[in-house]
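Enquirer: What TrEMBL shows for this protein is this:
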DOMAIN    28-299  domain 'NADP-dependent oxidoreductase'
ACT_SITE  64  active site, proton donor
SITE      94  site 'Lowers pKa of active site Tyr'
BINDING   127  substrate binding site
């Protein structure tokens with residue numbers, strides 16, 4: 001992986017394969033908090049602080065209720081001179097399941113752009129391989145709202161969005177190898193990114209190998225285990241092996257997890273609303289894990305933090321976690 005750095009910044013970038021758009025910064029700032037919208041009144045100031053510290057890649061989604069505060073922060077950053085141009089930023093958002101229907105994709109993206117006060121996204125993702133009845137933005141959602149998902153037609157609509165210039169790149173989130181194969185079998189534009197849960201206790205080795213072979217960049221959400229969320233666990237932050245490595249290196253456990261992810265060649269999405277930790281999380285690029293430390297992490301027992309039980313239904317497309325993840329569980 002050839003890396004370059006953003007002018008004046010210390011975050012390495014990587015060119016996405018399916019587009020000639022600017023390279024993606026390999027550390028992104030997440031804007032979700034559960035319950036969604038819980039920090040909506042302080043989020044704008046948090047994002048402004050992140051921009052001051054050097055973050056340039058921001059991840060949001062329609063369901064997070066964070067698009068509007070992110071848009072306000074971008075407007076303020078431009079007005080305050082923290083950035084000279086919107087083009088300095090890499091902005092990702094995601095299509096919620098109730099809009100995962102061919103004719104709803106473009107209107108959903110236009111609504112996202114309106115919320116963000118932007119003319120284009122850098123990356124637009126299908127949030128989950130699932131469709132819900134249109135009209136609601138809820139999580140958890142009612143099981144009876146689950147309807148058949150047509151990946152071919154939804155992806156065609158995503159391609160249309162890129163063709164219109166409303167997003168520079170398109171991709172998916174929470175897709176297994178098998179579900180990626182389905183998209184790739186008919187895609188004119190292959191997914192540039194697959195954003196999935198990944199951390200030292202859920203390393204996604206099979207999926208990462210598949211994505212690398214197909215030229216798809218893996219983005220890691222919950223790289224620290226998402227402690228404190230409805231879908232996260234404390235297992236990563238309480239892992240003794242990771243604690244020992246952090247202590248030996250004089251680094252935080254979060255820094256060890258993020259450095260590990262970086263060394264796997266993925267983009268990590270990290271979320272902290274604490275200024276000192278936000279600063280610490282940027283300090284992962286000028287030191288390395290030893291071969292022994294990397295080996296110890298590679299041997300950690302694996303356990304998925306978010307199996308996705310909310311997406312299962314006896315009457316829906318996925319009746320078990322095995323079907324949702326196609327055995328990658």
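Keep in mind that glycine also has a Cβ here, set from the backbone N, Cα and C atoms.
All TrEMBL annotations are machine predictions without curation.
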Enquirer: Between the recorded positions 94, 127, whose Cβ has more other Cβ atoms within 10 Å than any of the rest?
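Expert: Comparing the recorded positions 94, 127, the most crowded Cβ belongs to 94.
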Enquirer: Hey, how far is the residue listed as 'active site, proton donor' from residue 127 (substrate binding site), Cα to Cα, in Å?
Expert: 11
Enquirer: Starting from the Cβ of residue 64 (active site, proton donor), draw a 10 Å sphere and report how many other Cβ atoms land inside it.
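Expert: The answer is 25.
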Enquirer: Measuring Cα to Cα, how far is the residue listed as 'substrate binding site' from residue 94 (site 'Lowers pKa of active site Tyr') in Å?
Expert: 5
